[in-house]
Structure formats: structure tokens, C-alpha cells
Amino acid sequence: MPATARAASVAAATPVPETSAEIVTFRPPVRPALERALEMARHVASVVLPPLIVLSITLFVWQLLCSEPGARLPPPTKVVADAWDFIADPFYDNGGIDKGAFWQISKSLGRVAIGFSLAAVVGIALGVLVGQSTWAMRGLDPIFQVLRTVPPLAWLPLSLAGFRHADPSALFVIFITSIWPIIINTSVGVRNIPQDYRNVAAVIRLSWWEVFYKITLPATVPYIFTGLRIGVGLSWLAIVAAEMLIGGVGIGFFIWDAWNSSRISDIIVALVYIGIVGFLLDKLIATIGHFVSHGVSAQ
Amino acid sequence: MTTQPYLKFEQVGMSFRRGQMATEVLRDVNLRIEQGEFVSLIGHSGCGKSTLLNILGGLLKSTSGEVFLEGKVVDDPGPDRAIVFQNHSLLPWLTVYGNIAIAVDKVFGSSKSKAERHDWVMHNLELVQMAQAKDKRPHEVSGGMKQRVGIARALAMQPKVLLMDEPFGALDALTRAHLQDSVMEIHARLGNTVMMITHDVDEAVLLSDRVVMMTNGPAATIGEILPVDLPRPRRRLELATDAEYARCRAAVLEFLYARHRVPARAA
């Protein structure tokens, strides 16, 4: 019970005077369209300009530093010139592993999609179990806490030994990397469901299953999506590293291959692509989460 | 009418145990409430009012004694004792409509058709004047409106007793007065049995048929029961100068602040 003693309201029993003032509706002044357009433009500029300026300065400094003869890394202009084939046509396919950026990235993304989806399903299920059962938590939590600190690539030799094939091993690395934040966040979410919601469920006598899908899941959605966001970021990190070792098509091995053939400019372009894709993956999950945690309802 | 009271607390006691320490919160609580009565529970913070309400609600199990509703022992939560929670406890991912429908669909899922359930949800929303906001989510409406929805959800279960745990505690004074009027109006229309916890002396006297005053814990019990003999409908403006109202108010204040003031914290 909150200790808000409302002693003040006890003494407040004086009669309320009748209101007699005339009620006038307040109309906010309508601003002209030009002024609103200007304000919009100013807002957009304040968001877009700072990153543009910083980016230009970075490119300029980079260009200066790497322009002198004997520089080890190419300046931006040389990167674009060297890697122009790779930038201009992302869809070429010369057979083998000599494919355009689109195919390389799609292959990596496909692996992430499978490994991450598996991790999401298993992770949410385990997270709910750990969150709901004190026994499961005491038993599993120490194991999770230890295993989650193992670096993704450290799993690769073991999974190669187990699966004997490169592809399932890569999927396993993604799975095992991204599952921990999903489990941990889901279980925290389940444990943090307010007692109020449980009381409501008890009063209307929801069954175990109804509590799960009408209360537990929707109440945990924001936590689950925090876990998924961290997980998708980690799995993207892991796949690029894992692909360097397993070879074949994929943006990770593309980088390793470029290094072996001294195509430094291709590496730089690939890094930019990886960054952009990782950023988009994060935004994608965040957007779905925003949509789902707001729209899981009404039925 | 039977001679058996509608709702009866019999020697209800409650102790919480934490390791070696046992704290007795309630002892020997005896109370009879008739059908249609509006009863307020008032007492200082920590005196066990909420514990008593939660025992009646079935959310807590008393360590001794029993609560009987229509002669049957209360031992689990259920829609016949719907609760209006202090902090409204609406599910934020459901709309206003959905928050009531989840209860109505569960409680009347087998006895009413889909259309009847829809009408019943809308009926209860209209009762608390929230029908126009049915598609809003809880975070989109004001605190007073949330509590209206909480009341509608409880009423929609057609409870035998409506339990209210400081229903207006988190609201500002004006909104609180509005809602108190709404509750009085609904009580007059439906004639439900209500048990309400409050800290507010005026609220207790204005709304109740009887004010149950609790002594201070530990081992709190009912100190005194004050019948409020004011005709209904009651209007707060007229009551402000009413002698009987003033007498009741004074009696509650006297109980709370002269005879059972909060014991010194150092003790």
C-alpha cells in the first residue's frame, strides 16, 4: 500500500462556488503554408546536415592522408575508381564465387535469416520458461551466463566437427550467437510482468494457456524485441566472420578473397555495404517491434 | 431474504511469514455486509485494509478464519468479486473496448452470444461515459478515464460484490469528485454491493452506507463501524452544510486522528 497520506484533502470540504464566467473557445491561429513549409525544411536540414558535414570532412581528411605516394591505403577517389565494377553492377554472376555485391549479401542475409529465425523461436521459448519457472532459472541461468560470453568464432570449430559441412556450421554459429540476448531479455520481460496484470488474469480466471497468449506474450513483446535487435546485430557480426573461414559465396568470404588478391578497394566498399545492411537489419527489427507492440490487440 | 448475511467475514486473521519473522497484519476481523450495501474501509496506511480486500478478492489466503459470500467459502479469485485496482491495471496493448471485452468474453463466453457480449461491453462503457473512447489505448486517455474503464471492466463481470481498492487515490480532486458522483449514480441504478478502501474521510462518508474504521496495525482489526444515515441521492454541495454529514465526518476524523493516530515511528 502506498504511504500517501492525503491529510490535506480531509480538511477540504468547503463549498465550491458556482462558475459564472462566459466560456470562450480558444482557436489556435492558423499559420500560413509558406511558414509551415519553411519550418519543415529547417527541421529536415537540422537532421540531415550534421551527418553530411561530418561525412564530407571525414572523406576529405581521408583523401588528404592517403593521397601522397606510398600511402598504404587508397584514398576515396581511388576506392571508387578501383572498385567501380563491383559498385556499378551488383548483379553480375560469372559463376563460382565471382558474383556481384547483391548475390554475396543475399547469400549472407539468407544464412542470417535461417539461423536467426531458429534462434528467435528457441530463444523466446527458453526465455519464457526461464522467466516463469524459478527452478528453470536457477538451473539454466548460470549456464547461459557463461556460454553467452563465448565469442562466436570459438563455436565454429566445434560445429564443423559436429556437422561436417560448412553451411550448417555457419547457421549454427549465427544461432548460438544471437540466442543469448533473446533468452535473457525475454526472461527479464516475463519476470517483470506487473503483478497487476496477473491479478486481472486471476480475477477473470484465465486458463494457463490464455494467460500465456493474452497476458504474458503481449506484455513481454517490448523486451523480446530488444533481445531480437541485439541478436540480429550479433548474428550479422558473426556471419561475416564465420564466412571468412568457411569460404564459398557470401560477403564475409568476399572480403577474405579480396584481401588474398590485394583488392583493398573492394574490401572498403564491402565494409560500407556490411555496415549499411547491419544498420537496416537493426531498423527492420525495431520497426517490426514498434508495430507489433502497438498493434497486438483488439482481437 | 434469508437471515444469513450476504457477505460475512468470520474471525479473519492474516500473518505474513518471512523467514523467522512473522508479522500479524489482521486479527479477528468480523464483519457482515448486506446485499446492496456500500461499505467503506478506512484506516491509516499499513493497517491491512488492502490485505482484507485482497482476502475477499481471493488474491490472498487468510491464515485464519473464513470469508463467506452467499454462504459459500471464498478461497480463490473470481469474477463474482471483481476488483477495481488503485492503479486501474488496464492492459496497455488492448484498447479500452478490448480491456472490457477480455473480461466479458471470459466470464460470459458460454452464456452470451457474440453480439450479446458486444452489446454488454458497449453498455458498460456507456455506463461510465467512455463509449466514445472505445478504440483508444489506455495511454491515450487521462487518468480519470482509465479508472472509469477499470470500473466498467469490474461492473461488466456482474460481480456479487464490487471491490474497490482506493479507486480514486491517484486522481486529482476534481476528477475524483466527478468519479465519486458517477459511482454513486451507478450504485443507485444497479444496487450492487460495494466494498471500497479509502484514505479520504469525505469520500467515505459521502459514498457509504457504513464506514468501517480499522485500528492501526500490527494485528489490526475493526475498531468501529459508523452507519451513515443520509438519504440518497446525496449531493455533495448540499451535504457540505448538513448536520448529520458533519457529525459523521467528525466521528471518523475523531477515530482516526484522536484515538488511533499513527504510532510514533521510533517506537
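Including glycine, each Cβ sits where the backbone N, Cα and C put it.
Copied from TrEMBL, the annotated features are:
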type     : residues  : note
DOMAIN   : A:105-285 : domain 'ABC transmembrane type-1'
TRANSMEM : A:44-65   : transmembrane segment
TRANSMEM : A:112-131 : transmembrane segment
TRANSMEM : A:143-163 : transmembrane segment
TRANSMEM : A:169-190 : transmembrane segment
TRANSMEM : A:211-230 : transmembrane segment
TRANSMEM : A:236-256 : transmembrane segment
TRANSMEM : A:268-292 : transmembrane segment
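Within the same chain, residues 97, 99, 101, 103-105, 107-108, 111-112, 115, 152-153, 156, 160, 166-167, 169-170, 173-174, 177-178, 266-267, 270-271, 273-274, 277-278, 281 sit at least 6 positions outside the transmembrane segment (A:236-256) and bring their C-beta atoms closer than 8 Å to a C-beta of that stretch. With a threshold of 8 Å between CB atoms, the same-chain residues lying at least 6 positions outside the transmembrane segment (A:112-131) that come near it are 137, 140-141, 144, 170-180, 182-191, 212, 216, 220, 224, 227-228, 231-232, 235-236, 239, 281. Here the listed stretches are A:44-65, A:143-163, A:211-230, and the one with the most C-beta pairs under 8 angstroms to the transmembrane segment (A:268-292) is A:211-230.
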